[in-house]
């Protein structure tokens, strides 16, 4: 049977490359930077331009499909996940990196049907690396098959996370104390490149053993989530329970045992879900 979504995925790859060109071009020019929810939650005219290009191009080709986009939500649209084929888009994952010219910026496109991830495309713009994952077909970076690490021992693990954009003292305190508890297990280390999508792709590629974060959104995870699972990894809630795309929290791990061990150390930050008003 023909794969009904392969054409959509091929189109997503083409669009992600086009978006990457816009991002690289914009880096040469003066930026117009705006602030969203906190002084560290930034958006630029390029975020908005890229999202507009992606959504209008997809709408033209697939008018019956639904969309959740980071900048559309910031502008007041709702994040409602239905059973309809839905494109979940982060036009620039790593906007703060983009603003500073720090070389990790990604375009993330996730495609969800019946609330399940069908494919994901994450394009690392400055590195010119294309990560893809297709349900039942594996995960790849520029055509090379990805496989998570075999690491089950937390004391030999390298984790990836982010400090997030909240600057509320209590939230910052919890984030830092979670890192402290994990480091003192002890583990090999904690890294982070400033984009959840690429951090998750590093788990898929086997160069990091697990990623965890609270406070991120469905558009940060929808592209890379299926890349992790198709590379043999697991997604779970930060509590160790089942993963929920709209919950704003995730552990992406090379295996279940490692993910559950990390979950034991983490204090939860209470967050409003993406699908709550």
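Using the three backbone atoms N, Cα and C, a Cβ is placed for every residue, glycine included.
Annotated in Swiss-Prot:
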- 70, 92, 93, 94, 95, 194, 195, 196, 213, 220: substrate binding site (BINDING)
- 70, 90, 92: Mg(2+) 1 binding site (BINDING)
- 90, 93, 220: Mg(2+) 2 binding site (BINDING)
- 168: phosphothreonine (MOD_RES)
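Reduced to three states, the DSSP call for residue 220 (Mg(2+) 2 binding site) is helix. Between the CA atoms of residue 220 (Mg(2+) 2 binding site) and residue 90 (Mg(2+) 1 binding site) there is a gap of 6 Å, rounded to the nearest whole number. Looking at residue 93 (substrate binding site) and the residue listed as 'phosphothreonine', their Cα atoms lie 22 Å from each other. A Cα-Cα distance of 20 Å separates residue 195 (substrate binding site) from the residue listed as 'phosphothreonine'. Once Cβ contacts within 10 Å are tallied over all protein chains shown, the recorded positions 95, 168, 195 are led by 195.
Taking a C-beta cut-off of under 8 Å and a sequence gap of six or more, residue 70 (substrate binding site) has these contacts in its own chain: 47, 51, 89, 90, 91, 217, 219.
Here the Cα atom of residue 95 (substrate binding site) is found 20 Å from that of the residue listed as 'phosphothreonine'. A Cα-Cα distance of 24 Å separates the residue listed as 'phosphothreonine' from residue 92 (Mg(2+) 1 binding site).
Classification of residue 195 (substrate binding site) by DSSP places it in coil, neither helical nor stranded.
Within 10 Å of the C-beta atom of residue 213 (substrate binding site) sit 23 other C-beta atoms, taking all shown protein chains into account.
With every protein chain in view, the residue among the binding-site residues 90, 220 whose Cβ has the most Cβ partners within 10 Å turns out to be 90. Around residue 92 (Mg(2+) 1 binding site), the C-beta neighbours below 8 angstroms that are at least 6 residues distant in the chain are 23, 44, 46, 47, 50, 98, 105, 106, 107. Cβ-based neighbour count (10 Å, all protein chains) for residue 93 (substrate binding site) stands at 32.
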